[in-house]
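For Tyr138, the entry in TrEMBL reads active site, proton donor/acceptor. Per TrEMBL, active site, schiff-base intermediate with substrate is recorded for Lys163.
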Amino acid sequence: MSNQRQAPSGILGFPIVPFNENGNIEEKGLIRNIEFLLDNGLEAIFIACGSGEFHALSRKEYERLVELAVSVTDGRVPVYTGVGGNVSEAIEKAQISEKHGADGYLILPPYLIEGEQEGLYEYYKAIIQSTELNAILYQRANAVLQLDALQKLVEFPQVVAVKDGVGNNDLNIELTQTIGNRIAWLNGMPMAEVTMPVYIPLGFNSYSSAISNYIPHISRQFYEALLKGDKQSVNNIYEDVILPINRIRKKRKGYAVSLIKAGMEIVGLPVSRAVRPPIVEVEHEHYNELKAILKKALEKYPPNKKVSL
Ligand SMILES: O=C([O-])C(=O)C[C@H](O)[C@@H](O)C(=O)[O-]
């Protein structure tokens, strides 16, 4: 752990968890996934979060994933883990993350139940205080903090960022205007590239990138074009890559994960399409649609190292 109270910034890598034909974790595939993200300049590794099928991991698997992510990353960028759900299990996972040298964790929503703001505050507080690691609060589903609760939570030095997965920009403006630079603001919307042009002016300078698991150089070109104000390149990448992939992603529930695995397989990374319930694999027709988009995209936006289709 770097021990810095600094949020990761830039394009954030969210590896998947590859499974073999017996349904067990395929470690070689995961190591390749993390190395690929690092080789392509991703600025942080978030292990065992939503795209890492957090919901479907055993405690033992979780611990192994954290251990592997920290050792493969080897201090090159910060490593964050997913924690959340049941409070006592979240605290146990926070402690596992600390024991293995992670830099922090992304706190996912409590399991199923909805809570009032006081209840959400207590949920986050219990997890934040359970270790000295950095904490990123994930606005998502049944866990959406309003200004008062968030203002109290940012008094804990561990809290370094909020990751928005809800897309309520009325609320985001209220939060960013009032809390400002005390914490960092991360765009964690589904396929965050889509909304990044709207988020940058609000102070969200970083985003989680699902597509960086297979076309990181295109996400990077898009981000750089956005930061430079190069509208033509932004429009081209939207039309050629981001919007077509996002249209497929919206066709089935769970494609937030399974479409990443399909994309990785298509570009030749050693990852199978296998997923755990309730997520389902990408349908044949959608797989072929993704393959056609990627073929054209890689011709127009070739990576430095050749990827053949
Ligand atoms: O928890 C997670 O895995 C994420 O939030 C990362 C995803 O890549 C998310 O940004 C998405 O669904 O595109």
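Cβ atoms here come from the backbone N, Cα and C positions, even for glycine.
DSSP gives the residue listed as 'active site, proton donor/acceptor' a strand state. DSSP classifies the residue listed as 'active site, schiff-base intermediate with substrate' as strand under the three-state reduction.
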